[in-house]
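Everything below concerns the one structure shown next.
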Amino acid sequence: MEASFESLRNRVRRTSRVLRGDGRGWTLAVVAAGWLTVLGGRYLFPAILPQVKEFFAVSNATAGVAVTTVWAAYALMQFPAGMLTDRFGERALLGTSLAVSAVAVVAVSLAPTFVLFLGGCALFGFGTGLYGPARGTALSATFGEHDGTAIGLTLAAGSVGSALLPFAASVLVGPLGWQTTVVLLAIPYLAVAIAIRRVLSRRTPTASPSGRPSVRGLLRALWTAVSRRTVTAVSAATLSLFVMQGLTSFLPTYFIAVKGFSQERAAALFALFFVGGALAQLVAGNAADYYGDRTVLLATAGFGVLPLLALPFVQGIVPVALLTVLLGSRLAINPVSNAYIIAVVPSAVQGTAWGFFRTTFFLIAATGSTVVGLFFDAGLADESFVVLAALTALAVVCYVFLPARTRA
């Protein structure tokens, strides 16, 4: 027993030295802070969806289009963001992402019509979309074989933001209104953008800045990244993200309309979802570094089927709260899946290929909001969770056939 405890303590010490040494701790801190605000801002939209629906007088499905617009624009930016990361480096992309996001939340808050609101949502999606590929490659390059732990900590910070910002929005939206609540996001975006510019070093680009890349050159670069490992992992990630998008877009609405909770309680439950996710991500990234990606992905995705099936049958604030924490454990898939895909892509095309893969699975997953919104409008809210559970089970099948990671 003492030997096991000593081994665990030594492992924690080694990991801590790797994460903090040579200034890497500051890099991790600012990248994680940026992701906290980016992801928290994206999940703020479902929390204020009831007010947006009332303000613009739209249906659930139409309101779902707004969330889909954010994520579709986010998805479309992944491929160009990956190429831009290869060309200009992570510091430029991360800082630009936060600056554009700050402008976007101002545009969203000032929109007088739903069409212009959608335009602001698209700009917000484009701005936040610049962050993901650069975040992943910056951490992978900085932390090497311990990238799973670093990415896990960063995504856990995102989950904390996803818990705190929507909950804060639910508290502020009453006295301040949804427009003022949204525009307040500009403050942390600009603050972290300045911090990133000061902390991150300028990286030598891996792509030539002269000339525009040809279509043939891009296709050749992408083809070098296609393998059984990437196809299997991206397929599973697409299914998992579709479920995640559909689930989170209408979970607060489900708690209010079906479970009968107040908006404040629904927001608190929504926060618990991300608290559970943050805890799971903290464990998953480190576990994958030591026990392997496939084992952790199989266990997490397999377990994720059960809470989805159980949610329609559970009543009462305490049982639903406990189940919501368990629902959040599915977020542990993200750091392990991200680290795996980045590691198996050739380093020469890492940003471009990673951006393309992210565009693929995020663009498909973005439709989850609209699909679940249609279920809700048809009075089939409970049935939508059964469908999401079935899609999660398909992701489990993909992970059964996932090859072992080997760094490209």
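We count from 1, first residue shown onward.
Every residue, even glycine, has its Cβ placed from backbone N, Cα and C.
Unlike curated entries, TrEMBL annotations are predicted automatically.
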Annotated transmembrane segment segment (source TrEMBL; candidates 115-138, 355-378): 355-378
For the transmembrane segment (296-314), distant same-chain residues with Cβ under 8 A (at least six beyond the ends): 236, 240, 243, 247, 280, 284, 287-288, 320, 323, 326-327, 329-330, 332-333, 336-337, 340, 382, 385-386, 388-389, 392-393, 395-396, 399-400, 402
Rounded mean pLDDT for the residues that make up the domain 'Major facilitator superfamily (MFS) profile' (27-407): 85
